[in-house]
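What follows is a single structure, written as structure tokens, with notes after it.
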Amino acid sequence: MQEIIKCREQLEKAIKDGEFDKALECLKNAKNFKITKDLLKSTDIGKSVGKLRAHKDIGISSQSKELIDKWKQDIEGTSATTTSSSSSSSSSTTSTTTTKTASPSESLKRKSISEDTSDRPTSKPLLQENKKISPPTTPKTSSPPIASLIAPITGANADLRNKTIQLFVEALTTDNDETMSPPEDIAVEIEAEMYDIYRGVSKEYKEKLRSFKFNLKKNDILRLSLLNRQISVAKFCSMDIYSMASDDLKEERKKLDKFNTEASMLGQNNEATTDQFQCGKCKQRKCTYTQLQTRSADEPPTTFVKCCVKGCGNRWRFC
């Protein structure tokens, strides 16, 4: 028990200090322990390892899942063995007690019966026939769920690439577990496709990462389509911001396009007059607006609006 407690303390310290290599070593050493249900409760190692299944480091989360599954199998196997041995011991004790408590008269009766039937042909007992008909059953154990394990990338830019995969895993994770592919597999494929397209971790690679992560978090339909293989990874990596946008965002952009085309007048600063915006201060719809590209080129422009009502002059902006 002391070894398990020491391993748990070392694991918690390594996680707290950010020493992930030491944490992985502790998880691997924990596989050698003979774990029981009582040990998990008394040492609290089950709680410590269970929390790490959702850790940001892929290696630690994978090893934690693997270790929990192994412990489940060990505990189920121990429970089945204990039940079998206790039932066997109980039946043996009952048989012995019955034999010892038999009265002398019953012994004489059995002796006389055996003498009368000694000349008869012997036959197999009915109990043996029944045993042949119904063979002994073995307790069934549920197989552990198959966890998706990701081998960390090594070589040039390994840290950045592994971080990219982790960000994609977070963006792809949903409450729906019944998907064709786990988020980890899709994240690895997207990163590999981006790395090939942009020939390394370039400026374009990083810009695309930010754009993909933003749109995946905002668009549930796009996220599920990727996880269910309704959209291929290659097609996803070739999509622009307009293709990845959710239906609500597409509708909003259509309105902005309409505002641009229906603008009645342009000022010196390229300001368009419209009645499509309502001022939050005076509640009137006399406004001018202009659009500027304040962020990267693959993101929508920022719209600046000014109320034209005399005495108001309220200003606001939105993306």
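If you go along the chain as it appears here, the first residue is 1 and each next one adds 1.
Keep in mind that glycine also has a Cβ here, set from the backbone N, Cα and C atoms.
Values in this document were obtained by computation on a predicted structure and should not be read as measured data.
What Swiss-Prot records for this protein:
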- CYS279, CYS282, CYS307, CYS312: Zn(2+) binding site (BINDING)
- 78-106: compositional bias 'Low complexity' (COMPBIAS)
- 107-122: compositional bias 'Basic and acidic residues' (COMPBIAS)
- 133-146: compositional bias 'Low complexity' (COMPBIAS)
- 1-78: domain 'TFIIS N-terminal' (DOMAIN)
- 160-272: domain 'TFIIS central' (DOMAIN)
- 78-146: region 'Disordered' (REGION)
- 275-317: zinc finger (ZN_FING)
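A map of Swiss-Prot features onto the structure.
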| residue | record | CB count, 10 Å |
| --- | --- | --- |
| CYS279 | Zn(2+) binding site | 20 |
| CYS282 | Zn(2+) binding site | 15 |
| CYS307 | Zn(2+) binding site | 23 |
| CYS312 | Zn(2+) binding site | 16 |
- Message: Over the span of the zinc finger (275-317), how high is the average pLDDT in this prediction?
- Response: 85
- Report the residues of the chain - excluding CYS279, CYS282, CYS307, CYS312 - with C-beta within 8 Å of the mean position of the site's C-beta atoms, for the recorded Zn(2+) site, in sequence order. GLY280, LYS281, LYS283, GLN284, LYS286, CYS287, CYS308, VAL309, GLY313, ASN314
- Where DSSP helix means H, G or I and strand means E or B, what are the helix, strand and coil counts for the domain 'TFIIS central' (160-272)? 76 helix, 2 strand, 35 coil
- Task: Specify the secondary structure state of CYS307 (Zn(2+) binding site) as given by DSSP, simplified to three classes.
- Result: strand
- Task: Please spell out the DSSP helix, strand and coil residue counts for the zinc finger (275-317).
- Result: 0 helix, 15 strand, 28 coil
